[in-house]
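Asks: Quick paste of what TrEMBL says about this protein:
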{"type": "DOMAIN", "residues": "21-345", "note": "domain 'Adenosine deaminase'"}
{"type": "BINDING", "residues": "H26, H28, H210, D291", "note": "Zn(2+) binding site"}
{"type": "ACT_SITE", "residues": "E213", "note": "active site, proton donor"}
{"type": "SITE", "residues": "H234", "note": "site 'Important for catalytic activity'"}
{"type": "BINDING", "residues": "D292", "note": "substrate binding site"}
Amino acid sequence: MTQTPSLAQAHHLRPFVLGLPKTELHLHIEGTLEPELIFALAERNGIQLPYPSVQALRDAYQFTDLQSFLDLYYAGAGVLITEQDFYDMTMAYLLRMRAEGVRHVEIMFDPQTHTVRGVDISTVFAGLARALREARDSWGLSAYLLLSFLRHLSEEDALVTLEQALPLREAYLDLWIGVGLDSGERGNPPEKFARVYERCRTLGFRLVAHAGEEGPAEYVRNALDVLQAERIDHGVRSEEDPALLQRLIHQRTPLTVCPLSNLKLQVVDELDQHNLARLLRLGLCVTINSDDPAYFGGYLVENYLATAQALNLTAPQLATLARNSISASFLPDARKLALLDELETYCQQYYAESQAMPQ
Ligand SMILES: Nc1ncnc2[nH]cnc12
Ligand SMILES: [Zn+2]
């Protein structure tokens with residue numbers, strides 16, 4: 001079968017990307033719930049789904065914007081009831097990351113999606129943590145948790161959620177290192193959450209926030225200025241503000257970009273129109289991530305490969321993206337340096353052994 005050059009290229013890069021030491025920094029654990037698992041958990045918990053089959057549910061994944069996705073995503077998360085459910089979801093994701101050569105993950109979770117249904121926040125923490133610690137102890141995949149506030153709800157609700165979670169902090173000190181802000185961006189600007197972020201900063205949490213996915217570049221600015229976010233989730237609309245771009249470059253503020261998500265949610269019409277390569281060439285600390293892989297058609301490696309294919313990225317550019325993912329993580333410096341060393345050794349060997357030399 002003849003392949004288009006771009007398909008041949010992406011296929012050719014798969015072993016390289018699989019072996020690259022890399023991290024995933026923008027991942028909603030509720031977005032890893034595959035339709036099969038949604039059905040299995042629904043049955044286990046005696047929940048009736050409004051879809052006759054797994055395939056019918058999968059077929060419903062046709063999104064026109066962020067909100068059309070969020071409606072389905074919050075409904076899907078409704079099957080999560082017990083600690084075992086949260087464990088099963090998380091372990092399924094971690095096993096995939098093991099197969100994809102991922103060394104560290106920073107996982108967002110939305111407690112409000114669960115507490116509003118009567119699920120105790122301690123049940124959520126316990127299920128996620130059991131899987132994360134098992135992965136760390138069994139195959140050395142490290143993980144951190146970022147508790148994310150839902151921006152379509154009030155700041156008071158976020159503050160209440162933080163207070164519900166704080167008594168658990170001691171028990172999960174090895175995992176829960178920061179907070180994030182997600183859900184519908186339009187009309188819910190960062191400054192709405194100024195007080196809760198200030199409190200989190202005082203408490204010593206690391207701070208990230210979604211901004212500039214559907215919302216304007218101004219939201220990225222305010223995430224930096226008002227929330228003091230250290231990393232911006234998405235941030236692709238920063239390109240509309242040249243001064244902001246210069247600032248992101250100068251400060252080396254990482255952007256956790258999610259190409260297949262942007263395609264599925266129609267942030268871009270086609271992947272070859274994505275600005276990731278431009279941002280990378282300008283010198284921004286861009287990373288590739290999967291966001292909600294069960295809904296957007298690909299986990300981390302597929303995001304690397306689809307982007308490489310659409311934007312003609314070379315192996316050295318993919319290595320830069322993986323290098324950025326390590327630098328932009330909240331890992332201690334010593335672990336970052338060890339992973340970066342491994343990455344350089346891996347790339348040198350790969351370039352030497354293959355024809356995939358830097359172009
Ligand atoms: N892409 C996204 N943007 C905002 N909130 C989300 N929650 C899950 N995925 C999200
Ligand atoms: Zn996201």
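Yeah, the Cβs are placed from backbone N, Cα and C, and that goes for glycine too.
Unlike curated entries, TrEMBL annotations are predicted automatically.
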Asks: Based on a Cβ-to-ligand 2 distance below 6 Å, what subset of the recorded positions E213, H234, D291, D292 would you report?
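Replies: What lies within reach of ligand 2, judged by Cβ under 6 Å, is D291.
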Asks: Would you mind reading off the Cα separation of H26 (Zn(2+) binding site) from H234 (site 'Important for catalytic activity'), to the nearest angstrom?
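Replies: Answer for this pair: 9 Å between alpha carbons.
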Asks: Considering only the recorded positions H28, H210, E213, D291, D292, which fall within 10 Å of H234 (site 'Important for catalytic activity') when distances are taken between Cα atoms?
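Replies: Those near H234 (site 'Important for catalytic activity') - Cα within 10 Å - are H210, E213, D291, in sequence order.
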Asks: Report the recorded positions (H26, H234, D292) that meet this criterion: Cβ distance to the nearest atom of ligand 1 under 6 Å. Use sequence order and write none if nothing qualifies.
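Replies: Among H26, H234, D292, near ligand 1: D292.
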Asks: Which of the three DSSP-derived classes (helix, strand, coil) applies to H28 (Zn(2+) binding site)?
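Replies: Looking at the DSSP assignment, H28 (Zn(2+) binding site) belongs to a strand.
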Asks: Across the whole of the domain 'Adenosine deaminase' (21-345), what does the mean pLDDT come to? Round it, please.
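Replies: Its mean pLDDT is 98.
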Asks: 10 Å Cβ neighbour count around E213 (active site, proton donor)?
Replies: 24
Asks: Tally every other Cβ atom lying within 10 Å of the Cβ atom of H28 (Zn(2+) binding site).
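Replies: 28, counting other Cβ atoms within 10 Å of H28 (Zn(2+) binding site).
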Asks: Could you round the CA separation between D291 (Zn(2+) binding site) and E213 (active site, proton donor) to a whole angstrom and send it over?
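Replies: Cα-Cα, rounded: 12 Å.
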